[in-house]
Amino acid sequence: MERSKKPSAINAPSGGPQPQVDISSDNSRVTASLPTGESVDVLLHGATIISWKSGKQENLWLSEKAVLDGTKAVRGGIPVVFPVFGPPPPNHATSKLPQHGFARTSRWEYLGKSTSESGALSQGGDDCVKLDFGLSSSNLTADAKKAWPYDFGLIYSVTLGRGGLQTVMNVRNEGKEPFEFQFLLHTYLVVKDISKVTVTGLMGAIYTDKVLNATNHTETHAALPITAETDRVYASLAQDTTSVLQDGKPRFDVVRDNLDDTVVWNPWREKAAAMSDFAPKEGWRNMLCVEVGSVSGWQKLEAGDTFEAGQVIRSLL
């Protein structure tokens, strides 16, 4: 698929210190690190990123009670949502699937690594490493195949660089009939104090407020404060970058690539307390989800077609 913002190709390494990639002894996770101290940790369960560090600074929030053994979706990190966001709508091809679909609860394959001297995160030299993960209809459980009987292939590329983290999804329709899907990267970012956090890049956008009975509103804040339970789907954003500020200072830039929507979510005290896998219970004070995706409508793929999209997150400490 041709598009103007397609991520740059990953080239072969030259010389000097190289990124390190390790697979756990139980073959459950892949960890990559750079000579400059950055690292990323990806579970094969859900291809869920559970850690991304800049030096020694953790950028992703992970619940202390997150289940990492493959029996349920991970609470925290960056779960992958596909092919439906939220509870499936009735009378749709995804209606028999669980909430957020099957990608975050399926076992993915690790397809290998490559390094780069160019691309969105390169600063010159072999300072990036890309990890590829795959999921196809042949990997699904019998129940998932029955609930969504389409032939598809997903390749999820996680690129670690000194300048941030890039996550890109390629979706291919490998069957003979079209299908519709939604896609979202459910990113949990670490913040020091949610009461001192604001989010920019949303002003003027129409959003659906799930806290207010899924009613639609227009964002009037240039810098949105998080002062209560927040669950908003911002559709068709005009600018590509959504920024998270802590104490008025930039903490993260989240840059969308070929995606129009962003979800902003914090459960606040009551909802966090009701989740059995959310810990510590005051952890809502130290996290904010800024989730890029295509969820306000449906992407349709004809037989043989592909869709590619993702994000770059930059830690600005």
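Every residue, even glycine, has its Cβ placed from backbone N, Cα and C.
Remember, TrEMBL labels are computer predictions, not curated facts.
Database features (TrEMBL):
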{"type": "ACT_SITE", "residues": "His186", "note": "active site"}
{"type": "ACT_SITE", "residues": "Glu291", "note": "active site"}
{"type": "BINDING", "residues": "Arg75, Gln99, Arg104", "note": "substrate binding site"}
{"type": "COMPBIAS", "residues": "21-32", "note": "compositional bias 'Polar residues'"}
{"type": "REGION", "residues": "1-32", "note": "region 'Disordered'"}
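Other than Arg75, Gln99, Arg104, the residues of this chain whose Cβ falls within 8 Å of the Cβ centroid of the substrate site are, in sequence order, Lys72, Ala73, Val74, Pro79, Val81, His100, Thr105, His186. Within the same chain, the residues at least 6 positions away from His186 (active site) whose Cβ sits under 8 Å from its Cβ are Ile78, Pro79, Val80, Val81, His100, Arg104, Val263, Cys289, Glu291, listed in sequence order.
Each residue in the compositional bias 'Polar residues' (21-32) gets a DSSP state, and the totals come to 0 helix, 7 strand, 5 coil. Around Gln99 (substrate binding site), the C-beta neighbours below 8 angstroms that are at least 6 residues distant in the chain are Val84, Gly86, Pro87, Pro88.
Taking a C-beta cut-off of under 8 Å and a sequence gap of six or more, Arg75 (substrate binding site) has these contacts in its own chain: Leu62, Ser63, Lys65, Ala66, Val67, Met275, Asp277, Phe278. Spanning the residues Arg75, Gln99, Arg104 that the record associates with binding substrate, the maximal Cα-Cα distance equals 14 Å. Take the CB of Glu291 (active site) and look out to 10 A: across all protein chains shown you find 24 other CB atoms. Its Cβ placed at the centre, Arg104 (substrate binding site) has 22 other Cβ atoms within 10 Å.
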